[in-house]
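Annotated features, as they stand in TrEMBL:
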DOMAIN    A:190-378  domain 'ABC transmembrane type-1'
TRANSMEM  A:12-33  transmembrane segment
TRANSMEM  A:39-62  transmembrane segment
TRANSMEM  A:69-94  transmembrane segment
TRANSMEM  A:131-152  transmembrane segment
TRANSMEM  A:196-215  transmembrane segment
TRANSMEM  A:227-249  transmembrane segment
TRANSMEM  A:261-284  transmembrane segment
TRANSMEM  A:310-336  transmembrane segment
TRANSMEM  A:356-381  transmembrane segment
Amino acid sequence: MATLAPTLRKPSLTGFVLPLTALAGALLGYLVGNAKGNALLGIVGGAVFAGVLAFVLVSFVPQRRMGRLIGAVATGIAGALIAGVAGLVFGAILGLVLSWIAYWLASGDYRASVPVYATPREVLWANTFRFICGVIFFFLIAPILVVIPLSFNAENFFTFTPKMLALDPEGYSLKHYRDFFTNTDWTGAFYNSLRIAPVATLLSVSFGTLAAIGLSQSHVPFRRAIMAILISPMIVPLIISAAGMYFFYARMGLQGTYWGVVLAHAALGIPFVIITVTATLVGFDRSLTRAAANMGAGPVTTFFRVQMPLILPGVISGALFAFITSFDEVVVVLFVGSAQQKTLPWQMFIGLREQISPTILAVATVLVAFSVVLLVTLELLRRRSERLRGMSPS
Amino acid sequence: MSDITQDGPMLAADGTPLKKSLARALRRQKIRALMLIAPLLIFVLVTFIAPIADMLFRSVENQIVRDTLPRTVVALKDWNPDGEEIPGEAVFQALNLDFQIAAEEKNHTKLGSRLNYESPGISSVFRSTGRGADKIGKDAEKTFTGIDPRWKDPAIWAGIFASPEAETALPRSARAYEAFAKSVRAEGKKEVAKAKLWPVVFSALLDDLTLAQPDAAAVAALPAPGPELVNAALAAGLQPIDAKQAFLEINDGWSKLDLWQTISAYSPPYTAGYFLNAADFEQTSHGIEARPPSERIYLKLFWRTLWMSMTITACCILLGYPVAWLLANLRASTANVLMILVLLPFWTSLLVRTSAWKVLLQQQGVINDLLVWMGLVSDGNRLVMINNQFGTIIAMTHILLPFMILPLYSVMKTVPPSYVRAAKSLGATPWTAFWRVYFPQSIPGIGAGSILCFILAIGYYITPELVGGTEGVFISRYIAYHISTSLNWGLAAALGTILLAAVLLLYYVYDKIVGIDNVKLG
């Protein structure tokens, strides 16, 4: 890119960078102005402010980091004049955005994703496309992130209070977390979840791993049919599994018992174990077990000393899938379980349906943290597995 | 070692022909593989497949009429349900015994509620008859104790019906008494010979002695004081019970032709009735008819489930395609970071995401607050975005989007970028290059993702239940409703079976297109 740069015309400051930055400023100004009751003043003020900021930064501050800091401070002060402490924080954020836009436009970085020969229309399209993708990513992640600040709400509301928006410490509290850790409804449900999920996971992993090893042998009669049966708990809608299990377990006297729920959850977790473990076994070098057998190891020793350590990452990630399936499951436990087996998701379901308390948001935040940990663990396992199998991690 | 120059089949080390030896080794390998699979297969068959099979069975099973009213069902075979008249005395005599036994066993209300699904009003007839039916038996009891007070003694009954002759001499009484004895034993509180007799056994005895002349030889063979008591009763000139009259007095409902037609129509042990109900049809005496338009709910719901699932799938394609393309065409390091944004929702609890949408979409929620703050919507006109179809569609799209992006991404990863470059160098515009070269190669990913999303969507229960209100619920809500609230399990099973059939069909298609072995996670 560096060698090609000289051939490119530098974007014009007054004809390109300033108008576009001013446009962005006008848009942001419109929103702020509208909220304060004067949209026109907002548009004009925003445009002028952004234009001046961009001109100053691009012309006199070549170091970007420094320039962004200046932009943030300047806009922050402007925000503080309008709306106090909260204005300072949000203003600083807007300032960062505006100065980033100014440098992005002025340095020609906006063309970085397209070939040098691209026409302006192609550049526009490429950036619009990226913007659309950004909006979709925002759609994916924002609902999860929005829950986190709301869980610190000092009021029993499901929305941001004016105090929270003003960043007033009094608007925030840990009371919903306190409720989660002290209310017997929630602690009992949490305890039940922790009592059910590990046992169900253990069942599905131990049976599942054995079967996956069996399925990965070279000659398995009825392989397709067996696979279809073993995967079916994942495909059949949960409500149907729940209905069938309710009828059948009621006949067997398992409905409303701890073991009924454990067996049901184990069955639901099995497909995930099968899929992950068979995927790991695809890359397994069969000559290793033969070598072990050749040196006098029995099948059991071979399994635990040679095969197991190599497929362990796959087994663990299968176990995590099975665990989260059970831990997060609500439909089946609603039917197969009774009040004594009330799990965390069940309690959340009740809370959401009857709108009792924002403690749900605190629970949700805890669970989001939990899934981040899970995600990181899985990624590490995947890399380890690929390293063990001699592939380079991508 | 076998000699190479030797004639005949090649031999293995132990002297058996090589072919046989190999076949044996292969067989052993197959058996070992199956042994490894067997525990899990049995586990899944018992904990998962058997429940599904049980559900399929329940959707057609209809033993309850036959089990509760066995004699009535047999007697009804001679009755013409298409005629204008209700059944005659013989049917009512059978009903008298059946109903009194059922009322003692408290089964009559179950049957009443079962038949009430088919023809509303039956349940109340059954309940009120259940309260009054034992009066017929009590009258019979008075008649017998008037002739000889020893009839009241349970020990005498126990003595008489312990003998095998009782079955031939007094068949109806024997069966009624057996039901009584079984119930007492099941309760386990008292001995059969001491427990208070059910009035129905006197009804049955009266029927035995009046409807037909009992076999004299068999009566004589009864243990004492059986023959003496029976002969004394016969000599007293007993009047048969007018069962029809008695039942009509207890409840007028028994004179309705409609009730008898329903019992008759549902007396076979298997029925298509639940499926007909699930498709908004009903079984009448004139054959199968569509329900009146005001009672048609399920077809509408199936249709709504279908089109909303399609809309959700379409939204997922629309939002998932650009993202998957971006992920597949970015540098690996950047793509991995962005992948987290897809995987985090995937790994986050379903209820967390549903509650997040509830928080966002409420009228006093975050999005409405933001719109009001920005002045785009006035405070009085907050948008209604939850408890309707919009809420369901947007929340479900968010929940299922990762299931679309991941298969799309894995397919797009395999599309070589050189094809599009070649197309462009041959003069194609960017759009043509995309539409004619890139897009066709990504279709398998769209197919896999769509089927996955669609299968998941049509069976969803939790999210539509929480954010869908009444307009945005799926058929799953009614399955749950019939299991836990209306207790019409047969209908729930039939609705579930129809849904299952749709899913299995799609599963089959998925298996053909993608292959179930190729499912990847994360």
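Note that Cβ sites are derived from N, Cα and C of the backbone, with glycine treated the same way.
Heads up, TrEMBL stuff is auto-annotated, nobody curated it.
With pairs at least 6 apart in sequence, the transmembrane segment (A:69-94) and the transmembrane segment (A:227-249) have fewer than 3 Cβ pairs within the 8 Å limit; the two do not touch. By the count of Cβ pairs under 8 Å, the stretch nearest in packing to the transmembrane segment (A:39-62) among A:12-33, A:261-284, A:310-336 is A:12-33.
Listed as Cβ neighbours of the transmembrane segment (A:196-215) (distance under 8 Å, sequence separation of 6 or more from its ends, same chain) are residues 223, 226-227, 230, 258, 261-263, 265-267, 269-270, 272-274, 277-278, 281, 307, 311, 315, 318-319, 322-323, 326-327, 333, 341, 343. Counting residues 6+ beyond its ends, the transmembrane segment (A:131-152) has Cβ neighbours under 8 Å at 158-160, 164, 172-174, 176-177, 358, 361-362, 364-365, 368 in the same chain. Here the transmembrane segment (A:69-94) has Cβ contacts under 8 Å with residues 28, 32, 36, 49, 53, 56-57, 61, 102, 165-168 of the same chain, all six or more residues outside its ends.
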